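For Ala2, the entry in Swiss-Prot reads N-acetylalanine, with the evidence type experimental evidence. The annotation citrulline is assigned in Swiss-Prot to Arg59, Arg140 on the grounds of experimental evidence. What Swiss-Prot records for Ser77 is phosphoserine, and it gives experimental evidence as the kind of evidence. The feature N6-acetyllysine is assigned by Swiss-Prot to Lys191.
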Amino acid sequence: MAEGQVLVLDGRGHLLGRLAAIVAKQVLLGRKVVVVRCEGINISGNFYRNKLKYLAFLRKRMNTNPSRGPYHFRAPSRIFWRTVRGMLPHKTKRGQAALERLKVLDGIPPPYDKKKRMVVPAALKVVRLKPTRKFAYLGRLAHEVGWKYQAVTATLEEKRKEKAKMHYRKKKQILRLRKQAEKNVEKKICKFTEVLKTNGLLV
């Protein structure tokens, strides 16, 4: 991958810890990483167990002054960001610089809706978990511990998918019309095509 190029990852269907470990390594190597659809990230283990773990974490606070931390994030993107932070030496200059190269988002807002999104096979749930194993969605966990924007994100995602579907239909129609137009003029331009081919201008 070229230096300065942004790696856009689709978080949906990936396991939280495995994806975080790979992302942490990439940002330390100097690559810019954007993770979209963090609400679709999976966590291994059943939902109830994961919720109990997070509720136990919410009780961790500074007795004398809770505003000093630890801070408990509710948005799926921030929960994922904190997981990655735990895998980086974030109190050093190198770790801070690496963390600045990471961008996390709920849903797929512009301009990332128009960009090619990648997956990480080594972190995919379907590859890593047995089909019978239980798992939870980070979006649902976040919603049940205080994230307020689950419905908003879902609505925006539906709109984006509908828009993408329409764009794909339009693209297919244009390709079909182009093919038909080429077929219509094939006989008329065949002699010119032959000349171009003999001169090596057309392959």
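For all residues, glycine too, the Cβ spot is worked out from N, Cα and C.
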Nearest of the modified residues (Arg59, Ser77, Lys191) to Arg140 (citrulline) - Cα to Cα: Ser77
Distance [Cα-Cα, Å, rounded] between Lys191 (N6-acetyllysine) and the residue listed as 'phosphoserine': 60
Nearest-integer angstrom distance between the alpha carbons (Cα) of Arg59 (citrulline) and Ser77 (phosphoserine): 21
Other CB atoms within 10 A, centred on Arg59 (citrulline): 7
Lys191 (N6-acetyllysine), number of other Cβ atoms within 10 Å: 9
Proximal but sequence-remote residues of the same chain as Ser77 (phosphoserine) (Cβ under 8 Å, at least 6 apart): Val35, Cys38, Glu39, Val104, Leu105, Asp106
